[in-house]
Each structure stands twice: as structure tokens, then as C-alpha cells.
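As recorded in TrEMBL:
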type    : residues                             : note
BINDING : B:Cys45, B:Asp47, B:His106, B:Cys109 : Zn(2+) binding site
4 protein chains.
Amino acid sequence: MTKYLPDHLLNGYRAFLANRLPQERDRLRDLAEQGQHPKTMVIACCDSRAAPETLFDAAPGEIFVVRNVANLVPPYEPDGEYHATSAALEFALHALKVEHVVVLGHGGCGGIHAALSPSAEPLSPGDFIGKWMSLLDPVSKAVGANDHMTARERQAALERIAIRYSIANLRTFPTVEALVQEGKLSLHGAWVDIASGELWAMDPDTGDFQRPLAGE
Amino acid sequence: MTKYLPDHLLNGYRAFLANRLPQERDRLRDLAEQGQHPKTMVIACCDSRAAPETLFDAAPGEIFVVRNVANLVPPYEPDGEYHATSAALEFALHALKVEHVVVLGHGGCGGIHAALSPSAEPLSPGDFIGKWMSLLDPVSKAVGANDHMTARERQAALERIAIRYSIANLRTFPTVEALVQEGKLSLHGAWVDIASGELWAMDPDTGDFQRPLAGE
Amino acid sequence: MTKYLPDHLLNGYRAFLANRLPQERDRLRDLAEQGQHPKTMVIACCDSRAAPETLFDAAPGEIFVVRNVANLVPPYEPDGEYHATSAALEFALHALKVEHVVVLGHGGCGGIHAALSPSAEPLSPGDFIGKWMSLLDPVSKAVGANDHMTARERQAALERIAIRYSIANLRTFPTVEALVQEGKLSLHGAWVDIASGELWAMDPDTGDFQRPLAGE
Amino acid sequence: MTKYLPDHLLNGYRAFLANRLPQERDRLRDLAEQGQHPKTMVIACCDSRAAPETLFDAAPGEIFVVRNVANLVPPYEPDGEYHATSAALEFALHALKVEHVVVLGHGGCGGIHAALSPSAEPLSPGDFIGKWMSLLDPVSKAVGANDHMTARERQAALERIAIRYSIANLRTFPTVEALVQEGKLSLHGAWVDIASGELWAMDPDTGDFQRPLAGE
């Protein structure tokens, strides 16, 4: 029969069948029967180099993952419109009762780059990326206008600022704030350097990023 | 120092450092220097059991991934609102110039289950899931009302219908339709059974799902 | 002498004489002397690809088999008309005292296809197939009208629905219901995929079909 | 998981998977893709000892099989009632265009025995067997009343008479008669002795039964 998927995916699936599936078979059967019970939700970027399952060596069932461009969380807007990220957050908190939400950014993010190039042509007439990245307008202007930083420094700065802003937006959801106050939910920020695989985690008190395993 | 991330993620990251990173070091350095050039975009579900990187054994840089609840693509709406999925699609087509878009569904999807339980209480007052899954209203009613199918059969039917509907919605984006017509872009549907890891791929002519490796 | 049977049957009979008969000789002699005592009745389709003896590797004497188009059981109708299937059921329960009745369906059933094409021309002026398949009218309408399912999906759905409906009809026979209540009779549903030989069995509690040997 | 089928069928299915399926895989795939095209329809008895696939060593796709009690064909009755056997015949002739119809009887038939014991109690209040076997009333009375034959001789005689009567009933279907006249369809009678596996075929000119391979 015709093969209906790109060859590289079929080859990858063959490798999954040969190597990973035999190890995970019991786990997958249990997960199918009993449903998923992940403790952690990860909000990550669509970037092909920043899969949280790879970085955290996550097993099936371990993390509930939203991926959008630049791993953004919009502010709470119960306006009856379609909100992909808010819907996923609602599901994670109310149906799955996760204990952790992690916003995971990464170096060299194309969405952040677009947010710092506001005069650029829209990618298409619909300008969906322009609109989407305008979510960062409240925090990106100051960085974008800072001529004393190099382009690379502005990029790295906004990548971290955006993570902190998404976490602040998370707290505009009444349920998030309530669960955090009750000690039932923790919010985390993290950032990974693509070239080296180095992971940085946000200090929730100061907002600074540090290597969590430094000194091990 | 304090560890700012959940223990299970830090343990997973240690495993990544020990096992995966040494194998991927050169690849990651190249990907950081030259940027990502994935050939394929995957639109997948947030479900913790349905990571496309695991199923397709995908290497860093291989697939650009959106994940939202129930792997939905909304129809083209250039209305100036925030559209996470449309923004990612625009980025994949115009900036990355991917050649394939795959909509990947899975068995036991909680979002599809919610779409088939319209009378249920909203998960939260914002009812983000209710609104998000109402994207499927045009196709879910007929299935939901069929009392001769079991709950599981209605679920499995809507999981496939939703994939076809998302692919139809993809084609409402003028760029998608143009690229498909020019032979520069292929659209694919796939569905995975969590319990068995079995992958089914959509025949683009009929919409039917079949096992792409059957007979190997 | 003239051979009064089609060549392919005579050739098959020669193979039976050479291979199978020598193995079964004692069993056949016992079965002829002592009569048949099958524990299981199978209601199967006439389809040439769906012989229960082949699928279940059944020995002579093992299964009592009715075969009609689409493996249907009509509801109990003690109206004095000729009822081939009800007669066989009566014989199996009262004369043979079978302990199991299995309704065995299969993929790609031509009768089910006819039930989903009600506007098609009758095959002949007598329209026996049209009338016979109208037994499914109470359950086929909802599936037939669902334009969001592919033709193949509607077919697969009705194949399963019809099995459940036949089992429900079995229970309209007072003897069947009484024996089931006394724990002396079990009713089963099964479905086989022609292409792969994969067997699916019905969960009597939910009506869902699952692979009974999955995980062996 | 629970196994939803009788153990003897599951064990038989395991044997099918291990032995027969590997040999038939290509054939089954072709049969699923291209549909069935059997050249021959067999009308056989439900008896567990008389499976035509076993006797004729038939491969999947080779014979289209109706099985009812005593392998009877009722006369043509286009009365709008449900007729399982007539429906199958219509399908075989008009949809499958078979070239042969074989009525296959066997020794020790319980249905024929019931036809010869008309005063016996009905098996159940519905008396479906009594009604079904009354199809033979036009031909069974003379045999039943013949005190000069032993019970075993009466049984063997009616088994053959019933085959000839079913073939005569076949010719009451206008399509059957037309196809026979055009030389496109052949009608055959056969009878098998359970104890010995001996096959007898009907001479269409005289109605006598002979061993078709005698002298090989």
C-alpha cells in the first residue's frame, strides 16, 4: 500500500517500534486504561530543537505539553473567544490537577526575534505571527529600543523577560492564583541553550536564571 | 542551592546530559548556528502520552510542533485576534518553508471526550475547554447523537473526524491551498493508539485511516 | 465417469482425502456413532473469506454453524413462517444444548454495504437482499446519514452495531434469556478483519470490540 | 484483559495465527482489497461435522456458503418476508455472479431426522424446527410412512430426496432457471458420509448419487 506519511516519520516510527515500544509497553497499556495523570504541565515553544520530552527525557504520561510560538501564556480573557493555551491550562488544572506549571523558553527563538523586528513585513497578509507576538508588546518595547545592547543580547534578554511575563500572566487566572496561594501549585520558569543543551531555571524570588545542577 | 524545577524534570535532565546530549552535541551546535530547518510541522495534542518526538523517534531539529488540546486547527480567521495555532502555521510555512504538515491525533483524547459531553459542567467559569472544543460543533453533533455506537466508538469516530476537519480547515488558509496546488506542501493525518503504540495514517483520497507499515 | 462437481471442489476433496481425513478418521467415526455435541454455535456470514472453521481452526464436531448474509439474527417471531436462523438456534439450544453462541462479523461485508446503500436498485425483482438487510433498519439510519464519517468508517461502524443488534435480538428469544439468566449460556460478539486476519471480540459490558489476545 | 470468547475458539485462533495465516497473508490482503470473487456457492447444513471448507479444503475466497438446518432451499416466494437463503442466493447470483451452486447434504442429519418424526414434541413453543422442516412435507410423507424401510434407510433416503428437492426449488427462482438455460450456471448435489468422509455426487440426469472419484 501507499505510505501516507513522510519517510522520515515512518523511519522514526520503525525505530520507536523496535527500540522504545518494547520498553514502554506495560506503561502505555496502564496509561491507556487508567488515563493520564501527569504531575507537570510544560508550556514550550514549537521550535524543532526544543522538545521538552527530549530535554527532560520524559516518559509517556509524565508531562502535559502545550507548544506555541515562543511559549507564551496570554493574560486571562474569559471573552468567549477560542484560546488554545488557556483551554489547555484549564484542562491541566481542573481535569488533571497538575502540581507544577513550567514555562520553558530557549535560545535563538524565532518568535522572540520577530517580536524584536516590529517593522518587518508580515509573513503573510493574515499577520498571525505579528499579532501573536504583540502579546509581548507591554514588555518588549524597552528592550527593542535599547541601542546599547547587541542584537543577540536583546534577544537573550527578551527570551527571559517573556518567560517572566508568561508566569505573571498565569497568575491572572483566578484558579492559578488560588492554587498557588493554597500551596497546591508551583509555577516555574526555565530556559535552554540549544547549542550546549545547558538548562537554566528561574529563581522565583528574584526572577534570575541559574543553572540548577551547577555544583553537582 | 535551591533547585527551581520539579525533581522528576531534573532527574530527566540528568539522564539527558548523561545519555542523549553526548550523541547530539554536534547536531545541536549546527542547529544553533544555522537555525532550524525542519521539513515537517506536526500539530499534536497536549496529552502527556502522545508526544510526537517519542512516537517518531525525532531528533532535535526534525519536527516543528504545535500542541494544543485535541490537535485542532481552527479555520482561517484574519481578524486581528490572537491565534496561537495560525501563528505557528504561518511561521512554519513562510519562515521555515516546511514541506509537510501532519495532524496527529490519538486514542482516549480528553478534549474529544469533552466535545462529546456538551452538557457537562464547565471545568471553570471561563469555560475555555468548552469554547475551544466547540470548534468541532460542525462535525461532532451527528456522532454524539448516535446511540447505536458505544461511547468508545463515538470517541474513536470523532477523533478521526476531527483530524479530517482540521485538515479541511488547513486548506482554508490561502497559503496552504496555494502551496498544495503547486505541489510544494503535503497535508497528512495520523492517529496513534496509546495502549499499543499502533500508528494509523490517513489515506488522503478517501479519508480512511490505515496502518502504514502493515505488511512489512 | 463424468465428474458431477466443479473441478476446484474435487481437487479440494482430493487434498482432504490425502491430508486431513487420515488425521480425523477416529474422530469422524466417533462423531458419526455418537452424534455431534458441539459446545458452541457460531452465526457467521456467507462471505467466502469469513469461514469460522478456518479462523478458529475448528475440528469436525467443534462448532455448529449458521451462515446467512451479514450474520444476522432476526428478533423472536413465533408466527408460523419459515425462519432458517431461528430454527437453527432452536436446534442448537434445545437439541444440542450448546453453552455459547457467537455472532461473528467481518470487515468489508457486502450485506452491510447494501444496508448502507438503501437507494440502490434491487439486485433482482424479488429484492430478497433489500428485505433481509432491512432487518437492520432500526440501527442503520443514524450511521448512514453521518456525512462526517467516510464510507469505510460507516461500514465498520455498522458491522459492529449489527453484531450488537443481533445479540440483542438473541435475547428476545425466551429460551436464550432464560438460559443466560441461569448461567447456562453465554452470548459473544466477534469481528474479523479480512486483510490481516485480526480478530476482535466484544466486551459484553460495554459493547466495545477489543483484540482478545493483545498482550500475549 | 478478560478474554471474551470461549477458550476453544481462542486456542483455535492461536493455531490459525501460527499456522494458516502466514500461508494466506497475501491471498487475504488481495481478497480484502479486491473483494471476493468465488465461483461457487455451497448450501450446507449447520451440522458441526459437515463444514464444506473442511471437506473441500477450501481456501479463503473460494466458496460462498449458506448454512441452515438440513441445507434446504425454499421455493421462490417474493412475498416481502425475510428469506435468509433466498437473500444469499440473490447475492451470489446477481452481485457475485457465481457459476456453480452446490447443495451439500450429509449423513445423520438431525433436521432430516426431525422431519421424519412429525409427532415428536416441538423443541420449543416457537416450534421453529418443526416449521422449517415442514418445507420438506411435499416429499417426506411417502418416506416417513414406508414401514418396509428401516429408520436408517428412511433417513438416508430423505437426505437424498431433500437435496433433489432443494435443487428443484432453486429452479423456481426465475434467475436461476434463466442462467441455467443460458449455460452460465450449473446446479449440483452432493452428500457426505460423516463416518468415512466419503463424498457422493448427484448425476444431474438421473438424480442418482455416485462417488465422483471412484476408479482414480
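Yeah, the Cβs are placed from backbone N, Cα and C, and that goes for glycine too.
Location within the structure of each feature annotated in TrEMBL.
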residue: B:Cys45; record: Zn(2+) binding site; Cβ within 10 Å: 28
residue: B:Asp47; record: Zn(2+) binding site; Cβ within 10 Å: 29
residue: B:His106; record: Zn(2+) binding site; Cβ within 10 Å: 23
residue: B:Cys109; record: Zn(2+) binding site; Cβ within 10 Å: 25
Beyond the site residues B:Cys45, B:Asp47, B:His106, B:Cys109: chain residues whose C-beta lies within 8 Å of the centroid, for Zn(2+): B:Ala44, B:Cys46, B:Arg49, B:Ala50, B:Ala70, B:Asn71, B:Gly105, B:Gly107, B:Gly108, B:Gly110, B:Gly111, B:Ile112, B:Ile194
Per DSSP, three-state class assigned to B:Cys45 (Zn(2+) binding site): strand
Of B:Cys45, B:Asp47, B:His106, B:Cys109, chain A-adjacent binding-site residues (C-beta under 8 angstroms): B:Asp47
Where B:His106 (Zn(2+) binding site) sits in the secondary structure, as DSSP reduces it to three classes: strand
